Amino acid sequence: MNAFSNTIVAADRARPAMAGGDPDIVISADGLVKTFNGEVIALDRATFDIRRGSFVSLVGPSGCGKSTLLRLVAGLIAKTGGELSVLGHGVSGPSSDVAMMFQRPTLLDWRTAVENVLLPTEVKRSATNADRRRAIDLLNLVGLKDFAFSFPRQLSGGMQQRVALARLLQTGANILLLDEPFGALDEFTRERLNLELMRIVEDVDATVLFVTHNIAEAIFLADQVMVMTPRPGRLARIVDVPFERPRGVELMQTPEFNGLVGEVRSILGGH
Amino acid sequence: MSLAANEHFAGSPQAGSARALVIGRIARHLALFLSIIAVWELASATQFVDPLILPRPSAIIVALYGMLFVQGNAWYHMGITLWEALAGFVIGSVVGIALAVAAGLSETFRRYISPYVIVLQVIPRIALAPMIIAWLGFGTSPKIAIGALICFFPPFINTLTGLVNTDEDASEMFRSLGASKRQIFFSLMLPNAMPIIMAGLKAAISLALIGAIVGEFISAGEGMGVLMQRYSFALNMAASFAVLVMLTAVGYLLFVAMEEVDEYLVYWRSDARMAAMSRRCAKAWRAD
C-alpha cells in the first residue's frame, strides 16, 4: 500500500483544500516528516486530518513511528519537514490545548494522589479551592474516591494509571494524547480501564489520539484507526470503524468486528 | 507500624508468646555479648592476654567514668571534635551538592569538571592532610578543611547520579504541561534525587568524623584524636579504649541523627511516615 493514496478521513468525504479553514478539523498533518540525527526516518510523510470529538487509534508494531507522531502533536519534539497544525495553528511547542498520558503512570512518589492530579494546575498558577474540588471530583470520576490522600506507592499499577488519567483531565485540554496508557497492566485491568476511558472521554467531549499495538483494542475504542508500518515509520491506511456507540465488550465477539481486525492485520502483514 | 502491630496483638491470646519470643531473642543476644566481655575480662585478669594489648573491660569502664564524670575533661574534647566533624560535613556537603547541581543542569560544566573530580577521588585525600595543616595552621580550621575534603565526594556523586537519572517520561510529562526548567528542577529532579542524596550525606557524616580525627592526629592541642594519641603513647590502654568507646558513641549518634533526617525528608519511602502524611494531607484538604 502506498502511503499517499490513503490520506482520507472518511471514504465519502472529500479532504478540504485548506485544513486550517475547516473548524471541525483539530489536528492536521500534511507530508509530516521526522528524522533523527538526519538519517533515521522515524516518520515518513504522514498526511491525515482528525475531526473534533473523534477517537482515533494509532496501531502498529514497535518502531513504526506511533510515539514519534504523538510527541510531534504534543510539541515535545520538532518536525523535520511537512506541515502539522493543531486547532489551525502550527505546532511550535507544548500547548495547553493538548495533554499527554504515558505508558507508565509518571506520578510523583512524594505527592498524594490528589496532589498529583493538581500538578497541571500548579505548574501554571497557584491552585484555588475550585481547582482542589475539581481534582477530587476527577478522582471520583476515575473511581478513586477513597484513595485521594494515598501515595502512589500505596496504590496498585491500575490505580496509579487511574490517577494519571485524572491528572490528564485536570489539564482541561480537549485534545488528549494517550501513549499505550494501559499497556503495562494485566488484561483484565486493561479491558476495564478501556471501557471507563470510553465513557469518560465521551463525558468530557475530547478529541483522543490513542497509541496501541493491540489491534482489537485499537478498533474497539476508536472511530478511526490509523494503521502504521515500520522501517521507515509510515501511515499505511486510515480505517473507519462503523460500530455504534455505546459499545460493550460483546462487540468483540461479532463477525463484523473480527472482519475488521482481519483487515487491519492484513494491512500490517503486507509490510 | 511495628508499634501498632504490637498494640493490636496485646489483647490477643498470642500476645504472651509473641512477647516471650522477643524477650528470648534479646536475652540470647545479651548473653552472647556478656560472655564475650566475661571471657575478655578473665583473659586479661589472668594475664593470659597482656593487659597492655587488651586492658580489662572493667578498667575501661573505670577510665570512661573518670574521664566523663571525675576529671570531666572528655566533654570538652568531644565538643571540639564534634564541632570539627559537623563543620567539615556541612562545608563538604554544601560544596559537593552545589557542584553536583551545576553539573547536573549543564552538560558542558559536567564535561569540564569531571576530570578534576576523578583526580580528586583517586588521590588518597588523607595524604593532603599535612599540606592542609601547613596552609591553615594549628587551629580547628585545618581539621574542618580535611573533614570537608574527605566527605565531599559521596554527596557530590550521589546528587549528580540522582539528578542525571531523572525519569525521562516524567520530565516529558512536565514539559507537556508547559513547565519551566526551574519548575522541573524543584518539583521533579530534586525530590526525585532526595533518597540517593540522603544516602550520600549518611556516608559523608562518618567520613567527616574520620577527617577531624586524622587532622587532630597530625597536629592539635585538643580533641578526641589528641586524647587518643596521648593515652596510647603513654601506654594507658584502658583510657585509649575509653576514647574509642566515646568516639564510637559520637559516630553512632551522628549516623542515627542522619537516619532521622532521612526518614523525615524522604517520607515516601516509609510506610508509617506515608500513612502519617496521608492523614495530615487529608486533614488540611478537609479544612478548606
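Positions of Cβ are set from backbone N, Cα and C atoms, glycine also.
The transmembrane segment annotation in TrEMBL covers B:26-46 (among others). Counting residues 6+ beyond its ends, the transmembrane segment (B:26-46) has Cβ neighbours under 8 Å at 54-58 in the same chain.
Taken from TrEMBL, the feature transmembrane segment applies to B:58-76 (among others). Sequence-distant contacts of the transmembrane segment (B:58-76) (same chain, six or more residues past either end, CB-CB distance under 8 Å): 41, 51, 222, 227, 236, 238-239, 241-243, 245-246.
What TrEMBL lists as domain 'ABC transmembrane type-1' is B:78-256.
TrEMBL lists B:82-105 (among others) with the feature transmembrane segment.
Residues annotated as transmembrane segment in TrEMBL: B:117-138 (among others).
Taken from TrEMBL, the feature transmembrane segment applies to B:144-164 (among others). Long-range contacts of the transmembrane segment (B:144-164) within the same chain, counting only residues at least 6 positions beyond its ends with a Cβ under 8 Å from a Cβ of the stretch, are 84-85, 87-89, 91-93, 95-97, 99-101, 103-105, 110, 117, 120-121, 125-126, 128-129, 132, 136, 189-190, 192-197, 199-201, 203-205, 207-212, 214-215.
Residues or ranges marked as transmembrane segment by TrEMBL: B:185-213 (among others). Outside the transmembrane segment (B:185-213), and at least 6 residues removed from its termini, the chain residues within Cβ reach (under 8 Å) are 81, 84-86, 88-89, 92-93, 96-97, 104-105, 143-144, 146-152, 154-159, 161-163, 165-167, 170-171, 174, 179, 223-225, 228, 247, 250-251, 254-255, 258-259, 261-262, 265-266, 269.
Under the heading transmembrane segment, TrEMBL lists B:233-255 (among others). Listed as Cβ neighbours of the transmembrane segment (B:233-255) (distance under 8 Å, sequence separation of 6 or more from its ends, same chain) are residues 51-56, 59-60, 62-64, 67-68, 74, 78, 81-82, 85-86, 202, 205-206, 209, 213, 224, 227.
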